[in-house]
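Novice: First the structure, which I've put down as structure tokens, then a few questions once you've had a look.
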Amino acid sequence: QKSDPKWDAWLQKSQLGPYQKNENWDEVIANAKKEGEVVVYSSTGTMLKVAEDFGKFYPDIKVKAYDLGSEKTIEKVVREHQAGVYAADVVYSGGTEQMVFDLLPNHRIVNYVPSYLTDKIPAAHREPLLTHVIEAYGVFYNSETYPQPPIKTLWELTEPQWKGRFSMKSPAGSLTTLMMLASIVEHSDEMQKAYEQHYGKKLELSSGVENAGYEFLHRLIGNDIVISDNSSKIATAVGLRGQAKPPMAFSVIHYLTKNQSDNYANAVPYDLTPSALFSYPTYVAVAGQAPHSNAAKLFVAFLMGSKDLNGSSELKAPFRSGKSLELLQGMAAFYQVGTFSPRTDVPPPPYSEMWPKARKLTASPEFVRDNIAKISDFWMAETSR
Amino acid sequence: MSEITLRNITKSYGSHLALPSLDLDIPKGSFVTLLGPSGCGKTTTLRVIAGLEQATTGEVVLGGKTVYSSGTGVFVPPERRGLGFIFQSYALWPNMKVDRNITLALSEAKQPKQVIEDRLTEALAKVQLTGLADRYPSELSGGQQQRVAVARLIAARNSILLMDEPLSNLDAKLRTEMRTELKRMHRELQATTVYVTHDQVEALTMSDIVVVMKDGVIQQQGSPYEIYHNPANLFVAEFIGDPRINLFEGILSMNGSDRILRFEDSTIPVPARLQCGDGPVTFAIRPENITIVERQGPFSLPAEVDIVQPTGSQTIISLSVKGQRVTVLIPRFETSLSRKNIWIEFPADQLTFFDKAGNRVPLQQPVLGASHAA
Amino acid sequence: MSEITLRNITKSYGSHLALPSLDLDIPKGSFVTLLGPSGCGKTTTLRVIAGLEQATTGEVVLGGKTVYSSGTGVFVPPERRGLGFIFQSYALWPNMKVDRNITLALSEAKQPKQVIEDRLTEALAKVQLTGLADRYPSELSGGQQQRVAVARLIAARNSILLMDEPLSNLDAKLRTEMRTELKRMHRELQATTVYVTHDQVEALTMSDIVVVMKDGVIQQQGSPYEIYHNPANLFVAEFIGDPRINLFEGILSMNGSDRILRFEDSTIPVPARLQCGDGPVTFAIRPENITIVERQGPFSLPAEVDIVQPTGSQTIISLSVKGQRVTVLIPRFETSLSRKNIWIEFPADQLTFFDKAGNRVPLQQPVLGASHAA
Amino acid sequence: MTSSAAPVQTPSRVPSVRAVVGHLWHSFTQPERLLGILLAIVLAGLVLVPLFELIRETLTVQPYDRAYLPKAQPGEFTWFHYERVFAGRLSWAIFYKPFFNSLITAFTATIICLAFGAGFAWLIVRTNIPFRNFLHTLVMIPYMLPSWVMALAWITFFKNDRIGGASGAFAYFFGVQPPDWIAYGPIPIIICLSLHYYVYAYLSVSSSITSVDSQLEEAGAMAGLSRLKQFLWITAPLLLPAIGSAVVMTFIRVVGSFGTPAVLGMPVRYYVLPTQIYAAMGTRNAGDGFLLALVLVVLACLFIFINQRLIGVRKSFVTLSGKGFRSKEIDLGAWRWPLFILIMLLMTAAVAFPLVLLVLQSLIKTAGNYSLGNLTLHYWIGGGGEGVDQLQAALVDNGNIIDATWNSLKLAFLTAMTTGIFGFLIGYVVVRTRGSLTSRTLEMVAFLPYIFPALAFGAIYIGMFARPFGPIPALYGTFALLVLICSVKTLPFTSRTGIAALLQIDKSLEEAARVQGIGWFRRMIRIIVPIAAGGLLSGMLLSFISIMRELSLIILLVTPSTNVLAGVIYNYQNQDMPQLVGVATVLLVAIVIAVNLVVRAVSTKTRVGAV
Ligand SMILES: Nc1ncnc2c1ncn2[C@@H]1O[C@H](COP(=O)(O)OP(=O)(O)OP(=O)(O)O)[C@@H](O)[C@H]1O
Ligand SMILES: Nc1ncnc2c1ncn2[C@@H]1O[C@H](COP(=O)(O)OP(=O)(O)OP(=O)(O)O)[C@@H](O)[C@H]1O
Ligand SMILES: [Mg+2]
Ligand SMILES: [Mg+2]
């Protein structure tokens, strides 16, 4: 990247990037109050709740949180910057390919990790960009109809008995779903191993198919996959009680919470080979040339949870109040199964005992960068056949 | 046999009673003209016959078939009455060219192509619009548009024709020609025709029967001669004839064995057969029947010339006779009458008398055309 | 001083040349009537004067001010020309009641309320629509609608009035009254008026100047008397006069010192002052100038009665004279002419002659009205 | 000036110069010309700039393209997207197949829409069908419901076990699973779209039909045409501008609609162009997305072009001359009640069913359980109770919904006004300069925003209005910009209905005012606008309704304090709170119906339009 004096000046002034020092939080808070507001572009509506919580701690700082969805968050930042408008302070979104390989190098955002968190977050989750939460897609089945997981390996989903009985959200238009596919493809050797282990024979690739990951997608689609536009409906379709032949699905695992709220019977077959979980990060960053950089830092820190939070903190539902809120801060609104903090010192939320132990597949940023377009094309070509 | 019968038709628009009660019998093949002042209900009558308007009450019989009856609820829609209609406002279809406007009904009736073409050519020729078949109505002048409306009727050849002021926007020459054309069509098709016009010449020259209406009520119904010479009442007398008939107030009295009419200071002899008692009376004389003389006679009245209006073959002269306005029509083109000393005379046999109610006073034995021989 | 001047105006609609080249001068305060067959460009001329249509080329001067010139590109839009206009199609605003239709321009010009009300009442009274102010145009009869258009003009009181067949849908009586009304308005406002009509009576009685057009070209321009008695050419002669003038082909020759006109087998004496050589000639005589006689005279022609059409004060008689159709107008109401043995005579001083090009052959000293004295 | 200073020896040149100046001046003094120029400039800025931006992006390397074009720098010129979409290995999947699917659904739906819309319009405006006023409001409600509601209702009713979950009502009642082709794919898509979008045809035709002189139909009756033929041969051709507009609007909207095909098509992988556009934009593959959108733009231009051809230049559609206008009610006779019942049945399917579903959704504690005990009014009036989400404020004290409603109302109202004025002006210029190049281009350009991908449109406006531009201050972040973009986007509604309405008004009506010295502005206010009001109002109503529901267009431009109702619904949907989605949607529908009723009451009172 060419050096850009204006950018550099801003970084220096805001003490970000190479100029980041060990923050003096009193100073940051005082400056943030002077700035008076913080503008957050976010891909999730939960941010509105965080904004509310933030207000309880810092009533002098007004939070303007936009819930835009991931592609609009990115679009808005890019367009504003192209037009020379610097309105955003914090950018919150998934989408590795865009966040890491477009916004970051183009100075639309800058990575900011509060200094006190550096050693509490694994490097993969703070470089090149700070992960706020890790979310995951999981395979869902109906535990009422099937007391035991009906399948042992992902490959069974390509068998005739699941024909027309497996659904997932369309990856077209959903960056996170695409990330899940990317993790399957990236770990194709594990996919292959799982196949050979289960069937005891060598996997034969169809013509024109590159590897076991793609082969799996190819067969899955060929098995009359049901594509839906809405994750919540998928969770309902699988988990509703009283079904004779419920389908299975890929679903965002935070819909497991519906088991409590709506009395569904969703379950994840954690022992599935190669894995039943596909995790992906959601990033938070300070926007390039943010007008309220101190407030932005404060907000990012708030999002990540307080300093005092640790593995033995006692947290009680509802988390967005009292002591729990004081500890969790910005994490409180996210604190439920399916959204996990990358901090090693945050206790897992309720009903997620299995999470730390379970096998998870994740796509690496570099792989995503180089392959995501290809995967998307592959999907499109296969589903339109 | 009567082809069109209206029985006790009434029609109201909201609170406005356009036709209070109308009875009309139109014999098959006849040419009937509706005459009357603007707004008297002529168009409404035509529309009721055509079925475009449903009468409020009454019955309409066309060719022996009841097509509307408020009593039994029968209503035959206009498209199945098989009539020809020329609208006062033309009602040309703006989106169709002239040819299509004329032939639509024919092609709807699945006439062979050749017939349609022939009729189009013929109709266009008759209304002298040959060559304009390819224009849209909006590209025509007012009179041309009206002629398209006429051509539409000509091409369709229905057996009952209703025409609402079909020639109002045409010049005299064309109008005379079209009149002849319509009359010929009437004869050829033996079509029963109801014709609305405000042009008396048209009414008097074309019609078998003239119906004079006022405020939706028929005032008189008869041949042109009857209407013109024996108007049933003051309204008809005043309405028919252009320039208007002259009306005077006089007093009938006996002068020895002769009856006389006193008018201002003069006396005028009157026919003895007049069936009416002495006393005040309204009498009328048509402008063409007043004679202008240059010498005072026994029954002449002194007059002063006011305005002289030549209309071509005739000249309308407005005179002032003892303060009263009198119109005289002379059969010459005249731009001025220079002489001051003129007198007028009322030929006694040209006078028509009306009683107080405005109805004509009949003569004992009606005099027929005899006095009009040249 | 001329109030309206059209110089070398041409107007084409696409490829159709509606006005090939028009020059017209209208003196201030005069009443000019445009006459001509349907489609000859009367409406177009009015629209060019009003500025509703832009002439293709030429110049329009109103009251000394150039309002349009194709040369300099001057164009004063119609709303700033201050004219009154009655449209052939009325152009009533369907969304407004009658009163609003009449007073809109006044209230837009911020006239005081009282003035507006007075003018409305007056205008309605003049067109005899008092009481209908509260109707929508769609609730009026055709004639009533037309009268609203007239009332709109009356209420506005402009100094230049353009009227396009304003009375075409009115009956004779009303029309006569309205004619008087318009004429009075013309006098009171000293308004320069251009009037389009197809009614010759209207044209001849109301106008100071009559302009006869054909295919967009002015054929003759003159007083009603001139137009009627000295038509410039065959077209004007035929167009003016109802029923139509009679035309015959004859041969002029000398009979000793007298000039005679040979027509069929007969000879007719002609005025000696005729400025035209011997040979074939077209001559014309108006129907009212033909005399019907019951005895054969020296210059009479035997005739046969074809059709008798009484028009009220007159009767149109179609005769056949040696195979030729002749129309005669007699000043009486006549339903039939029973006698067979009749003859007609052409008074020599009533003949008009036309040369081969159709232009009138003048007399050496024009005869002025003298012979028309009663 | 030159004339006085001009030397005598060049008389031939002087007039020619003056003539040129004069002609120029003259064309400026003609209101329609002047307006035409002004509008052209404004629209060029507001519409063509975004269009060029779209085209430019399809021709340059986008960040996403790095995977395919590793060596290229973003921003470089490339034909890559064109090859990929139209000729590449994937072109069948990306473009051709969805495109044909789109064409099939759109054509069929348009035809059905037209039949319904025009038929209803004729019945309700012209005949004596019972309860006309009521029907008039009723038949517009399907459009007031968000389009996904209809699709949702369909799924709820005809769902089979393919997508699992609770069984559909059909399966529940009849015990058989409906086949896939009834539950998903083109047929339900076509039906749902038709039931939603016939309103365009209805509004457009019904306002035009009022100004068709009954005498023209009567003349048809005299020519022996049956009622149906009168309609087909006379009325319908006279309505051609209105029908043409309806077809263009309906087709383009249907071909570009995303929600319904997404819900009903995806389970059987029936893709259409908009789902592809959405997919491309969602993966930030802007090049492909915009290119596909451009296909729609071209399609729209084609349609308008055909439409202009059909309407022609010479043909006249003037039905409101200044003479003898009559409007007569047609007696349906014995058909009165059967037709009424037919409409009511259709409306029950299209209105009552989805509406009941929505209301139910707002009342139910946990999804899928329709027992009485599971109903609550909590989400409307508060009060809590067992099993409800106490953290979600009820409507009455939900500042979120109430503020957003107010914002939406304000935005929709201002937009309807602005777009109404501009649509009228465009209609006026287009009609008065008919046949000229100005007219044709203006008509086309005014329609383009209709098919721009809403999100991209908003994004491009950020760039255009972030900084002051000439006399215009920086509008980004202001409410004015929202109004502006919404107005531009809905301009097609009013300009199309405006054109159709103005084509029916005879020029002489304006001329009559003109010769009386009434200036241009007053003429418009007093005569043209009132007569054209029916058409204009229906266009404005369409704008109003669609802006009440609009989100993607403005989402990039709104500030949190100007959240709109659709945004709230979107948030609740994201957060999976179906009750509040139901509450907000029912509120939206109620408002739109109320506004519609008010507009209708006011317009009949002031006797807008011809009759
Ligand atoms: N818009 C137009 N396009 C093409 N031709 C036209 C148009 N308007 C008028 N014309 C033609 O121009 C000629 C003159 O028309 P204009 O309306 O002036 O006639 P007019 O003298 O008023 O006739 P009328 O007495 O029938 O009203 C006619 O032949 C007509 O067909
Ligand atoms: N739709 C309507 N609503 C109310 N009144 C009407 C309607 N149509 C006609 N009228 C009234 O009914 C009366 C008769 O109208 P009609 O059209 O039959 O008159 P007309 O004799 O044809 O007159 P004209 O010679 O002026 O055309 C008129 O007074 C008219 O105002
Ligand atoms: Mg009438
Ligand atoms: Mg004309």
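Cβ coordinates come from backbone N, Cα and C, glycine included.
These numbers come from a predicted model, not from an experiment.
Annotations per TrEMBL:
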DOMAIN    D:99-307  domain 'ABC transmembrane type-1'
DOMAIN    D:405-599  domain 'ABC transmembrane type-1'
TRANSMEM  D:34-55  transmembrane segment
TRANSMEM  D:99-125  transmembrane segment
TRANSMEM  D:137-157  transmembrane segment
TRANSMEM  D:231-252  transmembrane segment
TRANSMEM  D:289-306  transmembrane segment
TRANSMEM  D:337-364  transmembrane segment
TRANSMEM  D:411-431  transmembrane segment
TRANSMEM  D:443-466  transmembrane segment
TRANSMEM  D:472-491  transmembrane segment
TRANSMEM  D:524-545  transmembrane segment
TRANSMEM  D:551-572  transmembrane segment
TRANSMEM  D:579-599  transmembrane segment
Novice: At a C-beta cut-off of under 8 Å, are there same-chain residues at least 6 beyond the transmembrane segment (D:472-491) that contact it? List them, or none.
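Specialist: Beyond its ends, the transmembrane segment (D:472-491) has Cβ neighbours at 46-47, 410-412, 414-416, 418-419, 422-423, 426, 446-447, 449-450, 452, 454, 457-458, 461-462, 465-466, 542-543, 546-547, 550, 553-554, 557-559, 562.
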Novice: So, do the transmembrane segment (D:551-572) and the transmembrane segment (D:443-466) meet, by the test of 3 or more Cβ pairs under 8 Å (sequence gap 6 or more)?
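Specialist: Contact between the transmembrane segment (D:551-572) and the transmembrane segment (D:443-466): present.
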Novice: Need a quick answer: max count of Cβ pairs under 8 Å to the transmembrane segment (D:337-364), which of D:289-306, D:411-431, D:524-545, D:579-599 is it?
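Specialist: By the under-8 Å Cβ criterion, the transmembrane segment (D:337-364) pairs most with D:579-599.
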Novice: Could you give the residue numbers and ranges of same-chain residues that sit at least 6 residues beyond the transmembrane segment (D:579-599) on either side and whose C-beta is under 8 angstroms from one of its C-beta atoms?
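Specialist: Those are 137, 140-141, 144-146, 149, 355, 358-365, 379-380, 389, 392, 394-395, 398, 401, 404-405, 408-409, 537, 541, 544-545, 548-549, 565-566, 568-569, 572-573, in sequence order.
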Novice: Between the transmembrane segment (D:411-431) and the transmembrane segment (D:524-545), are there at least three Cβ pairs closer than 8 Å, leaving out pairs fewer than 6 positions apart?
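Specialist: Answer yes, regions in contact.
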Novice: Look over the recorded stretches D:99-125, D:137-157, D:231-252, D:289-306 and say which has the most C-beta pairs under 8 A to the transmembrane segment (D:524-545).
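Specialist: Most contacts with the transmembrane segment (D:524-545): D:137-157.
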Novice: Near the transmembrane segment (D:289-306), which residues from the same chain, at least 6 beyond its ends, have a CB less than 8 A from one of its CBs?
Specialist: 51, 54-55, 57-58, 81-82, 85, 94-95, 99, 247-248, 251-252, 255-256, 273, 276-278, 280-281, 443-444, 447-448, 450-453, 456
